[in-house]
């Protein structure tokens, strides 16, 4: 109990606005760990704070935890998933840090305490900062920056470069001094923005240095605090700005800069190679990339917007049952040859009710009974296609809706070439407009939530890489909690496996260190996340899905780095267990209410309680809210051949369920889709609506 009291006294708990206001009046430096109510404060740094406090023994250093949900002043931090630490002196924000980076955090605490003591004891000026992570302020700045970027037109003949005043120079209060020296040297500053890079942004910006040994340290440094980003040019008619700027800032190695170029910025303000105060583009190509990264609305007088590509669209294609049976591979090949990306793919058996819902505007047409019979005669293949002008391009490929007209007028069109003899119904559907495409895609690929878990074996080493894969896969991290599961919580979480032989081993493993639990949102999130994870057994993952997370980061079947739910129902149960009530848009949107004929899931994680004799895949398909009669589904090979893999997955499945927005492309039942195939942005949650009408034939 003594240890517990010590922890409480180390960090003052702030849970309302009144306590927050009182905290700001405390003399000295206060480091506040601001957190979301659903995940609690960052426990991983408590021992670090205690160590710092014991080593410094300074009464002017204070630590606190602040729950953003109940403090009005921290409203803009609500919904943030990343650990955030705010440094206050004299009631003012003097520094901030996102991410639990222990070395950087310790360094900042010591440095900011030293600065605050100088303010209190020597009357030094307190440097106040603004956290650019605040949503409202950030939005206002983006608007201002966009307006200013569009107002500043750079002649095409005028060269420019991107300059960054790095966090070390900003932290030492040298930014304004450096800016003055830049202007005095004859450079023009065309745009200027103060911002704090996230780790993901820093990693993306410096991706060309990814192979260098100091890359991770560089990323951490550049995301450790605010920096100033400038677009620098020279007077018209002057020489190329890039070599002039690089000469002005000096060599990257500060020792070399002080020896050879003592007047350069890096010689004056840098301390070592990484902490060298300023950045400059290497060449014009890099300058263009960096300009697009920081100032996407910046334009030259030639109007770069005129050279921009047409926006990418998506459309829904439906391959009706006869064609799906006979010509599936050929039509998929033609789609790919035409330049479309198949972002989402699902084979599904529709009920009469679902067909009536989808074609609600065609119920009174003469052709509808034939269309209804056709659409319920077997599995249809639904595809979300992506390309520029996807809607019109796909409709042009299809040809007229009337099969006879298609044969007479456009014999090379898909509807003419793949017409079924004596069948008046065309074999392929296409959305009539981008708006209709969104509604139809939402019908077949509703937004979902799934529970994802980064397990203890992977969290420390591969956290950022896994999170980056999640973001690039189009998932939204709707909820997140980083915690060490107690034995009791792990046992409760996996209670349906209490009688299984692996239960004790699983509980001990999952409670041995921190794990990260996330609710992910995307269209068909459950299947998308499972495809990204790969098979439960890492050895199998390396063979069949070498780019999957488990192939790259897992050790063995138990320590397989990540977990995902097997179906939406289980995901909802586990998300509720972890986070409480969360309502997904996918819950309100109608499911593609069809019995899906899925490919075997990449990893059959059967952690959730399942009826005897029913495979995880069967349960996933029958328990997902589908309204059609059950259809026979063959259990996946992995489940049949590797029961241990299935059991571990089940157990893991009960621990983490994620919310998902996308569906992984599904092929025939024999094939397993590759991970990360869906790059499609989530559709708006809308009811299926208008479909094009044609008195002669069913909708395309």
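Glycine too: its Cβ is placed from the backbone N, Cα and C atoms.
In the record from TrEMBL, residues 455, 502, 530, 536, 550 bind ATP; the candidate from 426, 560 listed for the same site is 560.
Across the structure, residue 550 (ATP binding site) and residue 563 (active site, pros-phosphohistidine intermediate) are spaced 10 Å apart at their Cα atoms. Residue 530 (ATP binding site) and residue 429 (active site, pros-phosphohistidine intermediate) have their C-alpha atoms 29 Å apart, to the nearest angstrom. The Cβ of 455 has fewer other Cβ atoms within 10 Å than any other of the recorded positions 429, 455, 530, 563. With the fewest other C-beta atoms within 10 Å around its C-beta, 279 stands out among the recorded positions 279, 550. With helix defined as DSSP H, G or I and strand as E or B, the domain 'Nucleoside diphosphate kinase-like' (312-446) counts 65 helix, 30 strand, 40 coil. Summarising the ATP site geometry, the residues cited as binding it (455, 502, 530, 536, 550, 560) extend over a maximum Cα to Cα distance of 22 Å. The shortest Cα-Cα distance between residue 563 (active site, pros-phosphohistidine intermediate) and any of the recorded positions 279, 429, 502 is the one to 502. For residue 279 (active site, pros-phosphohistidine intermediate), the nearest neighbour among the listed recorded positions (429, 455, 502, 536, 560), judged by C-alpha distance, is 455. Cβ neighbour density within 10 Å is lowest for 560 among the binding-site residues 536, 560.
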